[in-house]
Amino acid sequence: MQRSPLEKASVLSKLFFSWTRPILRKGYRQRLELSDIYQIPSADSADNLSEKLEREWDRELASKKNPKLINALRRCFFWRFMFYGILLYLGEVTKAVQPLLLGRIIASYDPDNKVERSIAIYLGIGLCLLFIVRMLLLHPAIFGLHHIGMQMRIAMFSLIYKKILKLSSRVLDKISIGQLVSLLSNNLNKFDEGLALAHFVWIAPLQVMLLMGLLWELLQASAFCGLGFLIVLALFQSGLGRMMMKYRDQRAGKINERLVITSEMIENIQSVKAYCWEEAMEKMIENLRQTELKLTRKAAYVRYFNSSAFFFSGFFVVFLSVLPYALIKGIILRKIFTTISFCIVLRMAVTRQFPWAVQTWYDSLGAINKIQDFLQKQEYKTLEYNLTTTEVVMENVTAFWEEGFGELFEKAKQNSDNRKISNGDNSLFFSNLALLGTPVLKDISFKIERGQLLAVAGSTGAGKTSLLMMIMGELEPSEGKIKHSGRISFCSQFSWIMPGTIKENIIFGVSYDEYRYRSVIKACQLEEDIAKFAEKDNIVLGEGGITLSGGQRARISLARAVYKDADLYLLDSPFGYLDVLTEKEIFESCVCKLMANKTRILVTSKMEHLKKADKILILHEGSSYFYGTFSELQNLRPDFSSKLMGYDSFDQFSAERRNSILTETLRRFSLEGDAAVSWNETKKQSFKQTGEIGEKRKNSILNSINSLRKFSVVQKTPLQMSGIEEDPDEPSERRLSLVPDSEQGEAILPRSNVINTGPTFQGRRRQSVLNLMTHSVNQGQNIHRINAASTRKMSIAPPANLTEMDIYSRRLSQESSLEISEEINEEDLKECFFDDAENIPAVTTWNTYLRYITVHKSLIFVLIWCLVIFLAEVAVSLVLLWLLGNAPAYNKGNSTISANSSYAVIITSTSAYYVFYIYVGVADTLLALGFFRGLPLVHTLITVSKILHHKMLHSVLQAPMSTLNALKAGGILNRFSKDIAILDDLLPLTIFDFIQLLLIVIGAVAVVSVLQPYIFLATVPVIVTFIILRAYFLHTSQQLKQLESEGRSPIFTHLVTSLKGLWTLRAFGRQPYFETLFHKALNLHTANWFLYLSTLRWFQMRIEMVFVIFFIVVTFISILTTGEGEGQVGIILTLAMNIMGTLQWAVNSSIDVDSLMRSVSRVFKFIDMPTEEGKSTRSIKPSKDCHLSKVMVFENPHVKKDDIWPSGGQMTVKDLTARYLDGGNAILENISFSISPGQRVGLLGRTGSGKSTLLSAFLRLLNTEGEIQIDGVSWDSITLQQWRKAFGVIPQKVFIFSGTFRKNLDPYEQWSDQEIWKVADEVGLRSVIEQFPGKLDFVLVDGGYVLSHGHKQLMCLARSVLSKAKILLLDEPSAHLDPITYQIIRRTLKQAFADCTVILCEHRIEAMLECQRFLVIEENNVRQYDSIQKLLSEKSLFRQAISPSDRMKLFPRRNSSKHKSRPPITALKEETEEEVQDTRL
């Protein structure tokens, strides 16, 4: 960043904002980079501002029982705030004085008052000076208030972030991500722009009193008629506002429904394509869009009338003020023109400034109170440590996640009177839930000496992670004592990777030790992985480590924990994502050798780990089931296997037992007490929750097996559009903005630079922060991501674009002592953005405008209609000129008033009186037409938005995966949310305002030019100057806005990253470091925002300077030109003053239109995406059967020409090569093999070898070369949908969209209920579905969060059965499954797919033994393809993975079936008394 010219700028340069000229010049000539942005002043740095506010807040906390945040803010910012308020008031006073001088100038043209005529020139000078004074007061005041608002936002941003790092885990579990994002965006954004309006709460009333005093002098009591009309108008607009809010509230829910489905579609686009659901998803989304647009039109019409009422009220205000006075006394032109000028100022004060100011105060005080409540939440308390102790002791410890744990689950109760769901009845789903007082850990005791290894085991949800949390101090014990030294290192169960390099993630701010670092890298098996990267360990990782496999992330997290020199190491299931070979090696080299002298607590379920542990603690339902050595365990607890693995023999489970497990799953429900829904209303059966940080928690989601524990949570994040999940009392009139999203689906909120409007999209169910922290990367069904490319393949991510990472990137110095630097260099700055650097011009091209106008044919005719109505209004204005020109002739002979003023009377009892009313009648008719003229325009522009949304949705669904892989899920979602909302809401009315303002200016210039042609000569250069200024400013401002929007991403990325790794941060004591990084991100955003505010003020001031010069010229031309009557002078000066404000408004509106049209450009960019190669141009709706006609079928013994295809499932792969991107590196090369019909083939290979990629290539989801034939039919000879229909797919990432069970199983509605129930029976889903009200019509939301992962896998299995596919692709179907569901899947595969070809990618040896042949993939190629017997007899990866005991036990069983052409699946393995070993490959 460059040093700011502001530091050395003179007073005049600061006053006129001339110091911004270098950046404006540079932005006009070339594209701006972050290196071009100026450094922020030290007074604006987050460090200084946060320290200042934190000091005052601490003072407030210490001195009062009821501390008020507003008092702390007042002590920090009050005097500057008031100073700029006084400047603003003085500037506004000049507006009230200007009409007085205008009236005196008009009066000076009285033919009988020659003295007054001689001072007209001085009055003109005075009037021009008032404009100059106003300009010099108003712009510094507005900028100063914007600046203070920015500083307040920064200070509170920092204060909130620091508080977040201190919050207790109990509090975090009650706060949703949406609430935090809302707190840091919607609420704080109110200060940026709102502060400039806040002073009008007292300025506007004073101004009204001053203006009414002046109008009383002119019109006496009749002046209050105009004021009364304005008050009625303000109340009318308030009513329209409430009506608009009602429509927006209704519409927000519809928008949310559409965006939920859209985001699920985007995030799971690969599954959509694999299932051939493109048409079904398109139809589903379009139906929701239709409902949404009905409400959108209603809201737009109300907003249109609200806006039009202001524009057309000016005539009636003047008319109602003047008419009573004229009827009684008659009126002269001077009073009319003076009244017009007064009423313009009065109208703005009453209908705009005062209501806006009141709303600003209401919103700001509400935001301050929310922040104040948040800042007083309970904080995390560290335990008291004994630094001298060398042992870890826990004595009789009991703990609750909150007092009286056992969440008060909301049970369903159907009220027979009002059909509402209410809380309190525990009879519908649950029985015997005596949950109050249920502890998460009960009476736990153990003691381990220094250097010992304690293995903690237990079933899912037994309390293992809670035990580690209690040692770390995250969970406070209610009874008992804990003793240890306090020097802790921690490795989370779910890998946490911060954006940055591998080295940064491992060192994590600890001083660098080369030998220790290399030892840790080696022990954690990271050497080979690091060697593959060109930058080695300095490669920049994306948010959440998206560029890495799950195993690599797990090893880096482990390496971070091991690198820190601590007394106690807490390792929470660190081997969950590792293949069995890597796991064995790391356990031996790292845990057993490298850490041999350290105290270790390892959470594990592996038998070999228990054998090598010094002590074993087995937990069961929160209690200590066993504590001792392994030999004692075998002797004392021979039944420990079932407690360890979490299940007994599957065959011992009755249907009732399995249903009771489902009942545990149903505890995931929470019902909103006031939701007026009926169980029978299918669209309203989604269980909603409020986002309240309130008295009752409504988001408790517990695991589905045997437990009420806290940390077995697999919960899905709801869509929080605009990143917002507001409190129930939050106004729904919100800025429309999207938050970057994280890997877990949180949002990032872009903020408009002026005043944003738009709906809030509320999530249906809130995601607590605690659940985010305990959320598995692989288990999470993400809705949209913040800073990472979407992984749209089954498991392996394509190489990410490393130019889009966060500010953490490359922060290690290259010196030998590698402390993490706290400086941000320009390389870092380039990598901090969310959105791709858009290839969109700084200024919207004319081609975009032309294409937008021609989207809908009638739009051109609507524009012509508006122009015709405008020309009619101009004609009426010319009639007025004629009346004014002839008024003296009428009045000379018939006036009843004094001769001194008879020359100027236009309303008398003579014929002129009637002529005037004829004019009024014509004017009213045209005003009525003008009032409605924009309605067709708004209606048509919304229709254009509808068409563009449809085209973009179709384009995205038909785009190839190589194109979609190059984009981010969050970026695509922004097009459907933020950009479509702009097309729906902002663009139509902004275009209407601009056209209307432009026509008003043209009309006023035309009238003035007719009266005084010389003025037209002065008008031309002014308009040309405005156009040049606009073009000059627009190039820079749009780039600065883009940089500011992008610079906001690191703030929210850092917030979500910190939340996900909060336990790790605390364990490592890195809160200060992360606070520093957060301040750096804030400063980066501030630099862009401050520069944008400064350049905007430069532009506004230059526009006003040009106008002041124009007004001076007009004034002196009018005054110095002889022979002018007071009527013409009054019209010229009044219109000139009106032109000033209107032309400025029009120029600003044109800039807004250009800015909003960038959304149209982005939408067109998506519409123009390529479609999948070979995609049929006609619509292909999947049918039950696929008959091949006119398709070349290769000779194949397994298929007949007339058969339904595919009939056998024989598959031949020839020279298959696959790439993620066009021209990219080959991920698979020259793969060739053949599969017989009905054969089962297992895919083997280490993590990242390409197994899942091969399955994607079969479905043509990648760029592929070579050929695949199924039953003799080549993939080149049929459409993509026909090809993909041949496959049934159970992906690693399960896709459950928001909709009914029926829709999820059969989105095309091809099958009857009987057929669906039959399949549900086959896969074991019937008992699950029947538990829900509505059964097949029950609405699943949030990725089916009420279902366990196993139930979701069964849904995928049911889809495959319904598809009648002959080839089944399974990508790690047993990952994260409970044992029961796993056995159901195995049984279903045996029964429902007995005659199908199965290709299985799996880590569990037990599952792989069902296969007849194995395909071993290494280094992108097929290394081996043979039977299990052959692989076991040779040196192979399979032989390395399987133990000798398993080989001896399992080989004969497999060998006995080798003579059969297609052996049946081995009978389900009964649970024995032998050791249970979860062996995975």
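Glycine residues also receive a Cβ, built from the backbone N, Cα and C atoms like all the rest.
Here Swiss-Prot flags 99-122 (among others) as topological domain 'Extracellular'.
Note on the topological domain 'Extracellular' (217-222): DSSP counts are 6 helix, 0 strand, 0 coil. What Swiss-Prot lists as topological domain 'Extracellular' is 217-222 (among others), and the listing cites similarity to another entry.
Here Swiss-Prot flags 320-339 (among others) as topological domain 'Extracellular'. Taken through DSSP, the topological domain 'Extracellular' (320-339) splits into 17 helix, 2 strand, 1 coil.
Marked as ATP 1 binding site by Swiss-Prot: Trp401, Gly458, Ser459, Thr460, Gly461, Ala462, Gly463, Lys464, Thr465, Gln493.
The domain 'ABC transporter 1' feature in Swiss-Prot is assigned to 423-646; the stated evidence is sequence analysis.
Marked as phosphoserine by Swiss-Prot on the basis of similarity to another entry: Ser549 (among others).
If you look up Swiss-Prot, you'll see Ser660 (among others) marked as phosphoserine.
The phosphoserine annotation in Swiss-Prot covers Ser670 (among others) and rests on similarity to another entry.
Annotation comment: Swiss-Prot describes Ser686 (among others) as phosphoserine, evidence class similarity to another entry.
Summarising the annotation, Swiss-Prot assigns phosphoserine to Ser700 (among others).
Here Swiss-Prot flags Ser712 (among others) as phosphoserine.
Taken from Swiss-Prot, the feature phosphoserine covers Ser768 (among others).
Summarising the annotation, Swiss-Prot assigns phosphoserine to Ser790 (among others) and lists similarity to another entry as the type of evidence.
Among the features that Swiss-Prot reports, phosphoserine is placed at Ser795 (among others).
Residues or ranges marked as phosphoserine in Swiss-Prot (evidence: similarity to another entry): Ser813 (among others).
The topological domain 'Extracellular' annotation in Swiss-Prot covers 880-918 (among others) and rests on similarity to another entry. On the 0 to 100 pLDDT scale, the model's mean across the topological domain 'Extracellular' (880-918) is 42.
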Query raised in the report: Short question: which residues 6 or more past the ends of the topological domain 'Extracellular' (217-222) have a Cβ under 8 Å from it?
Result: 103, 321-325, 328, 335, 338-339, 342
Query raised in the report: How many whole Å apart are the CA atoms of Thr465 (ATP 1 binding site) and Ser549 (phosphoserine)?
Result: 24
Report summary line: In the three-state DSSP scheme, Ser549 (phosphoserine) belongs to coil
Report task. Going by DSSP, give the three-state secondary structure for Thr465 (ATP 1 binding site). Result -> helix
Report summary line: Rounded Cα distance, in Å, between Ser549 (phosphoserine) and Ser459 (ATP 1 binding site) is 26
Requested in this report: Go through Ser459, Thr465, Ser549, the listed recorded positions, and name the one with the sparsest Cβ surroundings, counting other Cβ atoms within 10 Å.
Outcome: Ser549
Query raised in the report: For Gly463 (ATP 1 binding site), what is the tally of other C-beta atoms lying within 10 angstroms of its C-beta?
Result: 31
Query raised in the report: What does DSSP call Ser459 (ATP 1 binding site) in the simple three-state scheme?
Result: coil
